[in-house]
Each structure stands twice: as C-alpha cells, then as structure tokens.
Ligand code: ACO
C-alpha cells in the first residue's frame with residue numbers, strides 16, 4: 001500500500017507501534033523533519049487507509065479501525081512496512097494488527113458466565129498481494145512478545161476463516177467456544 005508521502009522516512013522501523021496518541025516515531029538522523037502536525041496527519045492517513053482496506057477484505061459494512069477510533073480507545077496498532085529492496089521510492093505499508101484489552105463475559109463449556117479482561121485481537125490485515133508470505137506471522141509474533149502474552153490467552157473478535165486457519169497453522173489453536181454476543185472493536 002503506497003502513499004503520496006515518504007513512508008520510509010515516516011516509519012523508520014519495519015514495525016511501528018502506535019497508541020492513542022498516534023505519535024510519529026523519531027526520524028532517522030539526517031532526515032529532513034517536516035512540521036510535526038504534518039507527520040501526525042500522515043500517520044492518521046495510514047491508519048485510515050489500512051482500516052478501510054481491512055474492512056473491504058473482511059466485507060465489513062464500515063471500518064473498525066480509523067485514526068479517530070484509535071484516538072478515543074486504548075488500542076495498540078502494530079504497523080508493518082515493506083523493507084524489501086526497491087528503487088528509490090517512498091516505501092509502502094504491508095499491513096497491521098490491532099489489539100486491546102476488553103472486559104468480557106465469556107461462556108465456558110459448562111455455559112457458566114465468567115468475567116475476564118483478556119487482550120483481544122481486534123483487527124488484522126495484510127495487503128492482498130502479500131498474503132501467505134509470512135508477514136502476518138511476523139506481526140503476530142512481534143505483538144506476542146511486546147504484549148507478553150501467549151497465543152492461548154488471547155480473545156479474538158469474530159475471527160475470519162483466514163484468521164482461524166492462520167491461528168491453527170502457526171499456533172495450533174483450534175477449539176473455540178462460540179459466544180452469545182460479539183463486541184465492538
Ligand atoms: N485462505 C486460507 N487461509 C489463509 C489465507 C487464505 N487466503 N491467507 C492466509 N491464510 C492462513 C493459512 O493458514 C496460511 O497458511 P498456508 O498458506 O500454508 O495455508 C497462513 O494463514 C499464512 O500465514 P501468513 O503468511 O503469516 O499470514 P498472512 O500474512 O496471510 O496474514 C491474515 C494472515 C492477516 C489473516 C491475512 O490473510 C489477511 O489479511 N486476510 C484478510 C483479512 C482478514 O481476514 N483478517 C482477519 C480478520 S478477523 C480479526 O481481525 C479479529
């Protein structure tokens with residue numbers, strides 16, 4: 001996913017972690033620094049465009065990820081950029097993973113309600129042209145380390161078929177106890 005501005009300069013690392021402040025990361029020494037407000041606008045554009053692409057890929061009626069939603073929630077977004085060698089360009093974004101803690105009442109297999117507050121996978125998207133190349137796994141692995149959680153401790157908000165297969169393949173996660181109601185990301 002390409003943008004009119006320089007993604008490589010805006011996101012110096014392969015994976016950028018964004019929270020509700022949507023702070024532009026520190027730039028590499030020697031890189032010219034545009035006004036901070038312009039950089040934040042660029043970050044917001046990336047978040048909005050990723051949210052739209054993810055919604056489209058999942059056939060959702062509207063994006064569940066946007067800059068304004070990020071600013072009003074305590075979610076964390078891991079953004080993966082393309083670092084493959086390419087002729088001097090402006091860089092590209094490959095995808096993202098969004099997580100956040102949610103209070104949930106879950107039904108266990110005896111149909112009892114339990115209140116828990118797990119880390120939830122809220123949104124996850126890798127660009128169509130780059131799916132099944134290991135990028136999703138790279139992002140997921142990075143998130144698990146940063147958040148210090150094990151895959152089986154996560155809650156997943158309405159996983160897609162692709163995500164179910166992904167979790168099964170990489171983390172052997174299989175059994176799910178369907179819940180009465182979903183929750184909003
Ligand atoms: N069909 C079936 N399984 C798939 C597909 C697909 N088109 N794409 C990925 N997978 C699963 C498979 O298990 C695959 O292994 P395989 O190729 O050996 O069958 C495995 O994922 C590949 O792993 P990665 O390459 O690391 O995953 P990828 O980079 O493709 O990222 C993701 C996975 C994020 C699910 C990606 O496929 C995607 O963006 N899909 C569309 C959007 C989506 O469904 N997002 C999840 C929404 S649900 C939620 O966020 C709570």
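Placement of Cβ uses the backbone N, Cα and C atoms for every residue, glycine included.
Taken from TrEMBL, the feature domain 'N-acetyltransferase' covers 1-185.
What TrEMBL lists as N6-acetyllysine is 56 (among others). Residue 56 (N6-acetyllysine) counts 12 other C-beta atoms within 10 Å of its own C-beta, drawing on all protein chains shown. The DSSP secondary structure for residue 56 (N6-acetyllysine) is helix.
Feature annotation from TrEMBL assigns site 'Crucial for catalytic activity' to 58. The local packing around residue 58 (site 'Crucial for catalytic activity'), expressed as other Cβ atoms within 10 Å of its Cβ over all shown chains, amounts to 16.
Residue 167 (acetyl-CoA binding site) carries a helical DSSP state (H, G or I). Sequence-distant neighbours of residue 167 (acetyl-CoA binding site): residues of the same chain at least 6 apart with a C-beta under 8 Å from its C-beta are 151, 156, 159, 173. What TrEMBL lists as acetyl-CoA binding site is 124-137, 160-169.
Residues or ranges marked as N6-acetyllysine in TrEMBL: 146 (among others). Long-range Cβ contacts of residue 146 (N6-acetyllysine) within its own chain (separation 6+, distance under 8 Å): 17, 78.
Listed in sequence order, the recorded positions among 56, 58, 124, 127, 146, 167 whose CB lies under 6 angstroms from an atom of ligand 1 come out as 58, 124. Taking Cβ-Cβ distances under 8 Å and a sequence gap of 6 or more within the same chain, the neighbours of residue 124 (acetyl-CoA binding site) are 54, 95, 96, 97, 98, 136, 139, 140, 163. All protein chains considered, the CB of residue 130 (acetyl-CoA binding site) has 17 other CB atoms within 10 Å. Non-local neighbourhood of residue 161 (acetyl-CoA binding site): empty, since no residue in the same chain at least six residues away has a C-beta under 8 Å from its C-beta.
In this structure, the C-alpha atom of residue 58 (site 'Crucial for catalytic activity') lies 19 angstrom from that of residue 133 (acetyl-CoA binding site). Within the model, the domain 'N-acetyltransferase' (1-185) shows a mean pLDDT value of 89, rounded to a whole number.
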